[in-house]
Every structure is written in C-alpha cells, then in structure tokens.
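See below for the structure under consideration.
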C-alpha cells in the first residue's frame, strides 16, 4: 500500500506533537538527572556505550569492581550526541542507574545525513565496515560503491560480504560473479557466506575477531541473521522479504554492540535502503574510488568534470581498462546526487 501523502498543515501538526513529546521527555530526564546528581554517585570511571535509547544509553563498565556490568545511564545536557561504540566517562548511581559526565575522543566516526540533511553519527570507534549484500534483494553496485566511499572517507577498512550464497543459481550467478570480480580486482576483500546454512561463517568470524565492526547494507540482506549465527545467544529479530518489493522489512530497532568470545565487537545497526553522501565533496567522492588515485589531477583541464572533456584521465582510464564502466557509472550517479555547493 502506498504511503499517504500529508499536506503542509498535517506535517506541521505532526512535528508540533513530536516536539511537545520530546520536550516533556527532556523535562522528565532533567528531573531524574538532578535527583541522581543530588544523591550518592560513585567515582568517575570509563565505560563503553553498547546501545542508545533516545535520551538514555546503556553503558558497559570497563574498569573497577563492576567491569562487564551494564548500566542504564542518563546524559548531562552539555554532552555531544553519543552513539553506540562511544567510550565515555561515567559515574554509577543506585539500582543500576548511572550518569555520563564526558565523552572520550573518537578514533573514527561513521556518519550519514538524516531526513533533514543534518549529519548524524551512526557508530563510533569502528575499524571495520562490513558491507552486506545478497542475491535477493538484487545487489546494486551503486549502493555498494556509496558504502565504499563512506568507508574510505571515514578511514575505516571495508569488507564486502555476499550473504545468502545458497541462493546463487544459474540465473543470477553470471551477474553476481561479474559484480564480485570488479571489487576483487580492485583489491577489496570479498567473502561469500550463508548465515542460513553456516557456509563460510568461520572465515567471516576470523575476519571480525579483534576488530570493532559494523554491518551495513539494505534491508533484507540478512544482517540480523548473520548476527544470530555469529552470536547465537542474542535475540535479534529477523524479518522476511516483502513479496511485493523484494526488499526486506526492518527488524533491528536500535544500534547495539555485541562482544565476540575471542575478542572484538560487532555493532548491529538498523537496516537502511539508501546511504546518503550529501556531507562529502566532489574531491571526497573521487578519493573514495581508489582506482582514481593515480589519475585524478592528471587531466588536461584542472576543472575537468570527467564527462566529455578532451584529455580527461578518467575517460582514458575507462578506455584502457584501468577504470571499469560499472564503477564509472556509480561515480557519476553519486556526483549527480551531491548538493551543488559540494562541487
């Protein structure tokens, strides 16, 4: 069923109601925080944000007698927006409640624009981004390349993961093999697994051990199933594919961090169909296509748009095979989606 279109007044009313609810929640949170800070709080200690629930977060103690225990914590008003994976300084209160007093510096930050175009952090301190796709819903190189550009821009190593490999058949195998060959040629690590049958899961686990990883990819590719296979004790819900669209129904409702037995962590984040790149510049996108590195800056014209200009190094690379047509199409699509002031 198509979504009902709302007029301007209806949208204003919805935003007004949501704003009033948020204000009431913030007031209740402020009262609770004042009560906590007016009571007995423990000493400052370091912690790890493992889940975020609106105005509260779950923090795992990283030191002291409570190490490994999880506390629901309130946030002081002067703190920046916290996300799963953040390292913080906090103080424990009574009955498993605590207060976060400071955010520690992040090594990396994965961000994307929200519905209003404002940058929103998704996860912090991640050093491996696992880009998940599957035979169904049909993978699109453009979406994979958007994730790769985001990973390169954030300084996070990517791993391409084809899940549901048991669904590969004679009909879809040629296109999938051609897709994977492009990324293998570029030097990106690529794994093929089946969370359902368990094939390749040990190889995936060895890639994840010792890293702080995040799974990204459109809904329906089996991210929740992968988490359940890697960490059977979790209760991540799995949703079916829509029979109409072939896309998945969203299941995970909040980003959560899980520990692996042999070390390393996994952040399972809500499924997203489109990963926006409105926060990057044209130069950032060009840097995100690693095969462009030796070509950018060698065009005849400094302001070359790599379209039809004579002496364009990228077009020459396309002719001699150093640049694949699939990747060039993705590059042009991403550039076309950027705001004009990003040029």
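Glycine is treated like the rest: Cβ placed from N, Cα and C.
As recorded in Swiss-Prot, the features of this protein are as follows:
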type: BINDING; residues: 163, 164, 165, 166, 217, 218, 219, 220, 221, 222, 223, 224, 225; note: GTP binding site
type: BINDING; residues: 299, 304, 306, 312; note: Zn(2+) binding site
type: DOMAIN; residues: 116-275; note: domain 'CP-type G'
Quick one: Cα separation, residue 163 (GTP binding site) versus residue 312 (Zn(2+) binding site), in Å?
38
Of the binding-site residues listed as 217, 219, 221, 223, 225, the one whose CA lies nearest the CA of residue 299 (Zn(2+) binding site):
217
Given the binding-site residues 217, 221, 223, 225, which one's Cα is the least distant from that of residue 304 (Zn(2+) binding site)?
217
Could you tell me the C-alpha distance between residue 219 (GTP binding site) and residue 306 (Zn(2+) binding site) in angstrom, no decimals?
33
For residue 312 (Zn(2+) binding site), just give me the three-state DSSP call.
coil
Write down the Cα-Cα distance for residue 223 (GTP binding site) and residue 306 (Zn(2+) binding site), rounded and given in Å.
36
Calculate the distance in Å between the alpha carbons (Cα) of residue 223 (GTP binding site) and residue 312 (Zn(2+) binding site), and round it to a whole number.
40
So around the Zn(2+) site, 299, 304, 306, 312 aside, which residues have their CB within 8 A of the centroid of those CB atoms?
300, 301, 305, 307, 309, 311, 313, 314, 315
Which of 223, 306 (the binding-site residues) has the most other Cβ atoms within 10 Å?
223
In Å, rounded, how far does the Cα of residue 312 (Zn(2+) binding site) sit from the Cα of residue 225 (GTP binding site)?
45
What is the Cβ neighbour count of residue 225 (GTP binding site) at a 10 Å cut-off, with all protein chains included?
20
Structural state of residue 225 (GTP binding site), classified by DSSP into three states:
helix
Could you give the maximum C-alpha to C-alpha distance in Å for the residues 163, 164, 165, 166, 217, 218, 219, 220, 221, 222, 223, 224, 225 that bind GTP per the record?
19
